[in-house]
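*Asks:* Pasting a structure below so you can have a look.
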Amino acid sequence: MAEQATAPLSEAHNVSGPGEAPAAGPARPPATPEGMALAYGSLVLMALLPIFFGALRSVTCAKSKNASDMPETITSRDAARFPIVASCTLFGLYLFFKIFSQEYINLLLSMYFFVLGILALSHTISPIMNKFFPANFPSKQYQLLFTQGSGENKEEIVNYEFDSKDLVCLAMSSVVGVWYLLRKHWIANNLFGLAFSLNGVELLHLNNVSTGCILLGGLFIYDVFWVFGTNVMVTVAKSFEAPIKLVFPQDLLEKGLEADNFAMLGLGDVVIPGIFIALLLRFDISLKKNTHTYFYTSFVAYIFGLGLTIFIMHIFKHAQPALLYLVPACIGFPLLVALVKGEVTEMFSYEENSTPKEEPGDSKDARMETDKKEK
């Protein structure tokens, strides 16, 4: 899940390039001001939804003891390595598209994201759908468990718990998956993209603010280099047919749902700032002041940064590295508020546990000890 949520595509631009004709076929007419406003306004809204609701769900996720809902914690070492891993992945994809047939690569990727998209969308809609199930709906519990090794060396690879309601959500998500697989429709793409983004913000947790600054700072450099320094990112973004970007047609008003002149925003520009914003929400809650000052500050900062990205892109008619504007805004605004309130020390000393604390008797050793005492 983490790999898809933070896919190395971090720009908003036209699929065919601003002011350029597509590789084949007649040149497209330029987008109307109304169409562009609708497209970019929709991209901003689609970016904000998974950040807001993903952050709220991350609070519950941090307290969960369900193995399938436990978050994955990003440490400072992970954050420092991530830009390098992302760069290698991005350049590897670029080489693949240059050497091998784009058609076959995208076919494999479509199958891969078909499965992941169904799981992500099912997990996203499950809490919503649970409210609509009748009270007498039969709910049987299931567990999917894969282990490696035996005895004391046994290690869990997959431990996923679900029930009958989750199976219904999985069936509904499969319909969207088949739609995406057969048609590659932009609405199906966005449903999967929103699900990936929300899951990423919910399940990927930074362990502290310093780690967040390292991650965002590293990806700031990564984004600027690969967009301005080379054509690698733009090339991969145009070639990569997978739901790792949010898209919206600029010619929707003229062509309806069959529109094909898209503006796009990479999921990395949603998830990376989103997990930092979610961390600040959990920090707000830890202060126990019944206010969400840092969360709302960073949320407004994200809107400002994304709006500035779109404005600069429109002025210069060139793909922009969104993190160039988002990172200073999302880090700078909350830090300025912390300086004014005198809470910088509290902010940088806040630390999250990687796993929920076990209650007495929860662990296997504790249960064995209890059994011995009872005997």
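Every residue number used here counts from 1 along the chain in the order it is shown.
Including glycine, each Cβ sits where the backbone N, Cα and C put it.
Because TrEMBL annotations are produced automatically, they should be read as predictions rather than curated entries.
Per TrEMBL, the features are:
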COMPBIAS  17-26  compositional bias 'Low complexity'
COMPBIAS  354-375  compositional bias 'Basic and acidic residues'
REGION    1-30  region 'Disordered'
REGION    350-375  region 'Disordered'
TRANSMEM  37-59  transmembrane segment
TRANSMEM  79-97  transmembrane segment
TRANSMEM  104-125  transmembrane segment
TRANSMEM  203-228  transmembrane segment
TRANSMEM  262-281  transmembrane segment
TRANSMEM  293-316  transmembrane segment
TRANSMEM  322-340  transmembrane segment
*Asks:* How about long-range neighbours of the transmembrane segment (104-125): same chain, 6 or more residues beyond its ends, C-beta under 8 Å?
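*Replies:* Result: 1, 4, 96-97, 166, 169-170, 172-174, 176-177, 180-181, 184, 191-192, 194-196, 198-199, 239-244.
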*Asks:* Is the count of Cβ pairs under 8 Å between the transmembrane segment (37-59) and the transmembrane segment (262-281), pairs 6 or more apart in sequence, 3 or more?
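*Replies:* Between the transmembrane segment (37-59) and the transmembrane segment (262-281), contact is present.
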*Asks:* Could you pull out which residues elsewhere in the chain have a CB under 8 Å from any CB of the transmembrane segment (322-340), counting only those six or more residues past its ends?
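*Replies:* Same-chain contacts beyond the ends: 10-12, 212-213, 216-217, 219-220, 222-224, 265-266, 268-269, 272-273, 276-277, 280, 293-294, 297-298, 300-302, 304-306, 308-309, 312, 346-347.
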*Asks:* Six or more residues out from either end of the transmembrane segment (203-228), which same-chain residues have a Cβ under 8 Å from its Cβ atoms?
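*Replies:* Contacts with the transmembrane segment (203-228): 1-2, 5-6, 8, 10-11, 58, 61-62, 69, 71-76, 78-80, 82-83, 86-87, 90, 234, 268, 271-273, 275-276, 278-280, 283, 319-324, 327-328, 330-331, 347-348, 350-352, 354.
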